[in-house]
Amino acid sequence: TQGNKAQRNSWVMIEQDLHTKAFQSVVEGSNAHLSCNVKATESPSIKWLLPDGTKLKAPFKMEDSRFSVLSSGQLVIKSVAYADSGMYHCVAQVRGDIDSMSYRILVQPPGIQPADSEIIKVQKNVGEPICLPCSAVAIPDAHLSWILPNSHVLNDLSNSSNGYLLDNGSLLIPHSRVSDSGYYRCVAINQQGSDQFAIKVTVNKMVSDRSSKSMKLKKRPGSRTLVKTKIQVIDDGEGSRTGESDETLSKKIHLKNHEVSLKQKNDNDPHGHVKKNKK
């Protein structure tokens, strides 16, 4: 019949492009935006499934709710809370055709004060460039972002005039200022979980012979210090270790098929070490 023919010719698709943020680190109290770019032969029905099981149909807006869905399908979360962390699913439907896309949000505290033993320390002088390396090995691929001391989240879609996220995951601040001092967090997220580590950066106003000699991470020209977050997902749940270089500051995390808490650390587990390059 004509109705069956129309149904066969109907289709819906959720597009994912370079501007789609499928994984987001969001600082508590800020706003989050999840886009759902739907293409269809006719006006689609768009719904969002929240981590707690709540379903919201576009358009949705209530005065007493922090959640709203625009007619375009975008989900907006105002003043995110820790409980908002989790998986979000956008579902679009046209007649008998359905498409969906999943998103993960990880809510982070505005500031941290980790123990000295748990962080990497870097000292710079005013005007010197700051380059903080971070890379993730993950299955599926992980999304990297940096949380700056001012709680601003920097990723490949939100570079600022002061800092840049390079293609290899490193954070680059070309000209350091005293105000750049503080804790920097590199966060890696994929469908299976997340991992992060912190680096304490201190930018000194002046250089003295004594202070320059005490900069443990100060290298001769041409030498490099590499920071890696190694993430491995395995099917049987058993951890496996990979070889590591003496010139690599490595942190090994095994993400199993469930979300893991990375705030709990075992002091007996050597997550990383630093060795000076010898050239």
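Using the three backbone atoms N, Cα and C, a Cβ is placed for every residue, glycine included.
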From 214-235, 258-279, which range did TrEMBL mark with region 'Disordered'? 258-279
What mean pLDDT does the predicted model reach across the domain 'Ig-like' (110-202)? 89
